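Q: OK, Swiss-Prot features for this one:
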type	residues	note
BINDING	77, 82, 128, 129, 143	S-adenosyl-L-methionine binding site
């Protein structure tokens, strides 16, 4: 397979992310595993390798500049590992938990962690409402997991004091924000431009009050 090095590096530059060559290689190896396992595990509807670079790698990495201050991140409904795996590669100092209730998907995620040697990643097979970690998280994220109100409802017990939600959304989620329950405040909604992706993206930062 081609590794799309130029496309990936150009995208990283546009996102203002400075990664080392070993980190870029890890991203490429992750992409190769995603392509391979997707043939039988249906991890993503996107089959074209070149589209995966923008839709999965760069889209996930667009989250990284907005995680400053966090030390423990939970990726809820991680699926094929987005955004958790690319984020963990870009931020080796960040402890990342990948949570999904689908055994096939977490089998894939464990294989990725094993093959790439990612010591800062933990894979958990569980339903989010049943998950009871020893330590809570100061950053909780998701990509296409659920509407914001449901996302917060299911994860409140996992959020550390002074933690933040950083939810990845497409178009500006006016209706979802309006339906948020009391005790949840939206601190900012950031428009994000993903290289190679002709679609709206927004990050919604929320805190518990």
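One is the number of the first residue shown, and numbering goes on along the chain from there.
Glycine is treated like the rest: Cβ placed from N, Cα and C.
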Q: Look up residue 128 (S-adenosyl-L-methionine binding site) in the DSSP assignment and reduce it to helix, strand or coil.
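A: Reduced to three states, the DSSP call for residue 128 (S-adenosyl-L-methionine binding site) is coil.
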Q: Among the binding-site residues 82, 128, point out the residue whose Cβ has the most other Cβ atoms within 10 Å, with all shown protein chains included in the count.
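A: That would be 82, with the highest Cβ count within 10 Å.
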Q: Under 8 Å between C-beta atoms and at least six apart in sequence, can you list the same-chain neighbours of residue 129 (S-adenosyl-L-methionine binding site), or say none if there are none?
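A: Listed in sequence order: 154.
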Q: Just counting, how many other CB atoms are there within 10 A of the CB of residue 143 (S-adenosyl-L-methionine binding site)?
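A: 21, counting other Cβ atoms within 10 Å of residue 143 (S-adenosyl-L-methionine binding site).
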Q: Largest pairwise Cα distance, Å, within the listed S-adenosyl-L-methionine binders 77, 82, 128, 129, 143?
A: 20
Q: With H, G and I counted as helix, E and B as strand and the rest as coil, say where DSSP puts residue 77 (S-adenosyl-L-methionine binding site).
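A: Assignment for residue 77 (S-adenosyl-L-methionine binding site) reads coil.
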